[in-house]
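J.: Submitted below is the structure of interest, expressed as structure tokens.
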Amino acid sequence: MHRPPVTPDIPEFVLRKLRWSRVRILPRVIESRLPPAYSTTVTLAHDASDAQDAQCRTKCHPQTTPVPGVYWIGPGASEIIPAKRWIEMSFQMGLNMADNLFTRTATVYTEGSAANSSNPPVFVVCDVNRITADTFAQDIATRFPGVLVQVADSPSEVAQRADTIFTMLPSTPQVKDVYLGERGILQGVNKRSERVQSLDVAAQVEATGGDMVDAPVSGGVVGARAGTLSFMVGGSEKGFKRAHPFLSHMGRNIVHCGPSGSGLTAKICNNLVLGVQQIVVAEAMLLGTRLGLSPDTLAGVINTSTGRCWSSEVNNPVPGALPGKSPPCEREFHGKSFTHTRMT
């Protein structure tokens, strides 16, 4: 169904800097009421016997050797809030990343010499929607009968058996809830563990003796599904080396940007460039079409000239501008991975 273009909620400072009074091509952002979802967390189990007990709440024994187990909090489900498309995309990011990590880890085990080991990979899933977690766990267990797949009730429960934790959370409230909440990771974390998380809780994580790595991503849902994401990593060299093998199951370009917080800084800078490009392309397409150019002709000129960029070539916001392609605007913006409220 065709919807008339509306003016989006562009931050005032952007309009002031660019001296534009309006941008009519971009759709209005639908603000979410995102629940405190537990998105994309991965850990390694210490003890296979502990991992087999989904209700185990004791800390791992320090004398044991970690086994190749992976825990993931928050694969998410696209059907949870179908009306909120950008929430759907944030869930699908975690779902596809978890699927790539679990699938490739399990494949290495089942096809390699590790298959003869008495300690098979252990996968534990935790999500705010229990049905989602159960469905995801069942899918992995069906495809890889030799691995253990369980569902945990909280990040705290997972952290009690954790050696390495990866998180990818949509925003600050979810980060605080997952790490600092009553049932959060830091309530059950083992002091031997390494935590990979955002800068918001870095100080408290380091106080437990952990080594922090922040690893925001670029590539959207398509990259998450294909396992071709780019990771911008901030943290110590030791933490980066520890995280790299896991990140490589979910992405193609993994860059160590510097100390803790550097990955977030790089992500924000990249988002700044993308945000400005998206607004410029929208304004140019609006101007050209109102002066009589067809969307596909104008887009073709831009994409074979110096104005060419990702926003014009892949994410052009005008329907009909990219014949033969399927940018989000051709699908009522179903498929975009974030909105302007998540750009900074």
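Just so you know, glycine gets a Cβ as well, placed from its N, Cα and C.
What TrEMBL records for 125-258 is domain '6-phosphogluconate dehydrogenase NADP-binding'. Taken from TrEMBL, the feature domain '3-hydroxyisobutyrate dehydrogenase-like NAD-binding' applies to 261-314. Taken from TrEMBL, the feature region 'Disordered' applies to 321-344.
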J.: Going by DSSP assignments with H, G and I as helix and E and B as strand, what are the residue counts for the domain '6-phosphogluconate dehydrogenase NADP-binding' (125-258)?
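T.: Going through the domain '6-phosphogluconate dehydrogenase NADP-binding' (125-258) residue by residue, I get 59 helix, 33 strand, 42 coil.
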J.: According to DSSP, how is the domain '3-hydroxyisobutyrate dehydrogenase-like NAD-binding' (261-314) divided among helix, strand and coil residues?
T.: 42 helix, 0 strand, 12 coil
